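Engineer: Pasting in a structure now, in structure tokens, and then I'll have a few things to ask.
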Amino acid sequence: MSHHRVAILSSHISPVSAVMASEKEAALSATPSDAPTIFDKIISKEIPSTVVYEDDKVLAFRDITPQGPVHILLIPKVRDGLTGLSKAEERHIDILGRLLYTAKLVAKQEGLDEGFRIVINDGPQGCQSVYHIHVHLIGGRQMNWPPG
Ligand code: 5GP
């Protein structure tokens, strides 16, 4: 079992402050790579998740460690080399647009009429812990700026 997997599993049972620390630790210990990720198992339904939207290209499900009353992850069902935004190529323009457009649809579906935040973490400094591109949709509370 990899270090990364242990960190994610322990985050499921930790108090909030420990979760916040372990999420950062998970990000810093995750090695950017093309290896399969936990999101493959979420797509295949091998690992259960709360799906809020699904079509042939995009899956949206609730984050297991929500950072607000609403926290949803939107991912492409086929990663196609898009481990993170920094790996984007021209062929990814359609799916990138679709992820953002779907985030807008899901925000509406979730009743986030007062606003929401979209985040794409990239690489160790961006606190990315899962190397399958994903858009965070967070809402239901007042956000702050600058982010941590
Ligand atoms: P990142 O830190 O890479 O931007 O975001 C990865 C996100 O995936 C984190 O917010 C984390 O809580 C979430 N996550 C990790 N493992 C699971 C899981 O097994 N199920 C769900 N629903 N979310 C997960």
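Backbone N, Cα and C define each Cβ position, glycine as well.
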Engineer: Would you please say which range out of 37-41, 132-136, 137-141, 142-146 has the annotation motif 'Histidine triad motif' in TrEMBL?
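Structural biologist: My reading of TrEMBL: the motif 'Histidine triad motif' range is 132-136.
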Engineer: What residues in the same chain, six or more past the boundaries of the motif 'Histidine triad motif' (132-136), come closer than 8 Å to it by Cβ-Cβ distance?
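Structural biologist: Residues 37, 39-40, 63, 67, 71-76, 79, 82-85, 87, 99-100, 103, 117-121.
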Engineer: Measure the Cβ-based neighbour count of His134 (active site, tele-AMP-histidine intermediate), defined as the other Cβ atoms within 10 Å of its Cβ.
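Structural biologist: Around the Cβ of His134 (active site, tele-AMP-histidine intermediate), 26 other Cβ atoms lie within 10 Å.
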